[in-house]
């Protein structure tokens, strides 16, 4: 069975030194790379060891009286919130908790000088420390294991290598270029000493040399330049449009007034058009729904008709009582209708043939259109209506054939 390595345990002096050197090289953000140098520690343990023990900003001196008073006061305000209390005092959270427990033990043992041996916080032989990052490092043994020696040599080699692969390649290329330049210089000197002159070829640069020429330069033509087009020709002044209103242009208020007047004009036209079309649509629906299906215009039952008669008699009795009381107010008199002045020729039962009442309703809509809209003489627009059926002095009679009930209700 292969050996299983469990990371953790007590920190040793060599591991602390390797961790310090790795933080100096890699910084405090690359903990996985730092942990790769320590075979027995993880990245989280390395980070905790640095921030709980190895950080140079951590105070490891004796606690002062002011720090103890501040610790007791903050522990009373924020109990068990050591991560919040620690930066206020300037110590780590483990130091604050440890010293707070020390003060509590000191207050409890104030009367007894002897310390109790059965303290549950102290580690017994064979127990593992749950927080080894907050404890001092163990000194190294004289004869170290092969794993520790291998880890130490690997860390020494990696930490000594301050250049990466790219930096090494750049340095090697620079060294080769310098050696090639020195060899070419020595060759030219030897040829010059032998009486042979070799001109050095200059590399042709690609693109535009902005130090030697001007880009997009247009050289002027030789001779004099015609400047006659630049002479200013003044226009003749129009004295008819020199008012302040003409110079300022159209005012915003005038523009708004014109647009509102235009909107009202179009709204008026739409209103006239839609009202006439609505009247036509109403009559079409009215005729199709009522007359095409064979329904009568008014159709009420006998009981409803007798109820209306009783209501008319009731108002007639109320009107007579009102007149006999002696009150002669005109407004009270007009509130009571005279029901007996209506036409007595109304049938007492619902007739089989419908009244031709829609002709009267049609004329009522025609009169409403005449009173509500403006015609061309008044500045409006003319729209066509139906032809009036009241073209005689006396009402025109319309005769209807009595419907055959045999076809409508065969089982009656």
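Even glycines carry a Cβ here, placed using N, Cα and C.
Pulled from TrEMBL, these are the features on record:
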COMPBIAS  118-127  compositional bias 'Basic and acidic residues'
DOMAIN    1-58  domain 'HTH myb-type'
DOMAIN    3-54  domain 'Myb-like'
DOMAIN    55-104  domain 'Myb-like'
DOMAIN    59-108  domain 'HTH myb-type'
REGION    109-143  region 'Disordered'
TRANSMEM  273-299  transmembrane segment
TRANSMEM  330-350  transmembrane segment
TRANSMEM  356-375  transmembrane segment
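Beyond the compositional bias 'Basic and acidic residues' (118-127), the same-chain residues lying 6 or more positions past its ends with a Cβ under 8 Å from any Cβ of the stretch are 101, 105. The predicted model assigns the domain 'HTH myb-type' (1-58) a mean pLDDT of 91. Counting residues per DSSP class in helix, strand and coil order gives 31 helix, 1 strand, 26 coil for the domain 'HTH myb-type' (1-58). Secondary structure of the compositional bias 'Basic and acidic residues' (118-127), assigned with DSSP and counted as helix (H, G, I), strand (E, B) and coil, comes to 0 helix, 0 strand, 10 coil. Note on the domain 'HTH myb-type' (59-108): DSSP counts are 37 helix, 0 strand, 13 coil.
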